[in-house]
Amino acid sequence: MQVIHTIPELREALAVHRQRGFVPTMGNLHDGHLALVKQARELVGPTGAVVASIFVNRLQFAPHEDFDTYPRTLERDCGLLEAAGCDVVFAPGEKELYPEPQSYKVLPPTELADILEGHFRPGFFTGVCTVVHKLFNIVQPTLAVFGKKDYQQLMVLRRMTAQMALPIAIHGGETRRSDEPGNEGLALSSRNGYLSAAEKAEALRLSATLKALIARWQAGERELAALEADAMQALRDAGWAPDYLTLRRQHDLGPAVDGQPLVALGAARLGRTRLIDNLEVVG
Ligand SMILES: Nc1ncnc2c1ncn2[C@@H]1O[C@H](COP(=O)(O)OP(=O)(O)OP(=O)(O)O)[C@@H](O)[C@H]1O
Ligand SMILES: CC(C)(CO)[C@@H](O)C(=O)[O-]
Ligand code: BAL
């Protein structure tokens, strides 16, 4: 496995590979990321190249967010990526990707990017789209894999890729969850590392509350606003500060309606840690 820090070296290393599977990350890797790398390997086959990028993208962080403290663990990450079957790690420094302030940006449409995560993290999806578009130009992958844990991000990036006519197949990877005793079912996330042991056990309440919201809908309750308000209150009662808990259509994240595939999504702060999760409604 090669670890590459500059754009020219990456282009040279990839020149011989026609099929390229790409997994963009911000590092501090866990089994969720590694599952995406394995999925990329399956998709490109043994002769294709699997490329993972590690870059904590300043553009998608608001000034009060955790850009400075986000864990940077390159050496450990590279060991994990090699074991997972990655061929090339692209780990650019900030000056490599942004040699001058990135004033050309990719602006995603407001109806998708200013709701939910985008509402609570203004500018987040502009930062994500801009860096992913740039990374796509650098890596020139034939396919890319993103996790469903960041459900809205996957949707925004799918639409960007289609609308910009980028010749890249976008794949979604299922959310990997913890099987650690006491935390079984907790969505793996780099930010789980900010949680104390007690908070980690409490963190399961986010998915449990989404499950309860889905169960009430499936039992026939249709007062969506009341269902969502109850879910928010249940988290508040347990000491959380929820941003949203909501039931949406899978295809455009509009409000839930009967007869269409749905997904429950939530974001909430537990102590100083902001967690997100989602569950697709089956049946
Ligand atoms: N539990 C998971 N299962 C599957 N994919 C995941 C999981 N967690 C993250 N990913 C995916 O990994 C890719 C890189 O995400 P990122 O580096 O931000 O990891 P993260 O754990 O989501 O970090 P954070 O805690 O900062 O949100 C994204 O496509 C993301 O959706
Ligand atoms: C896609 C991404 C790597 C862009 O910085 C980031 O948003 C992430 O890790 O999900
Ligand atoms: N996991 C998405 C990247 C972020 O939260 O900044």
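Using N, Cα and C of the backbone, Cβ positions are placed for all residues, glycine too.
Per TrEMBL, the features are:
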- H33: active site, proton donor (ACT_SITE)
- 26-33, 147-150, 188-191: ATP binding site (BINDING)
- Q60: beta-alanine binding site (BINDING)
- Q60, Q153: (R)-pantoate binding site (BINDING)
For ligand 2, the binding-site residues of M26, H30, L188, S190 whose CB is under 6 Å from one of its atoms are M26
Write down the Cα-Cα distance for Q153 ((R)-pantoate binding site) and N28 (ATP binding site), rounded and given in Å. 19
Round to the nearest Å and give the CA-to-CA distance linking G147 (ATP binding site) with the residue listed as 'beta-alanine binding site'. 17
Spatial separation of M26 (ATP binding site) from Q60 (beta-alanine binding site) - C-alpha basis, Å: 11
Long-range same-chain neighbours of K149 (ATP binding site), Cβ under 8 Å, sequence gap at least 6? G32, T175, R176, A187, L188, S189, I276, D277, N278
Secondary structure at H33 (active site, proton donor), reduced by DSSP to three states: helix
Where does G147 (ATP binding site) sit in DSSP terms: helix, strand, or coil? strand
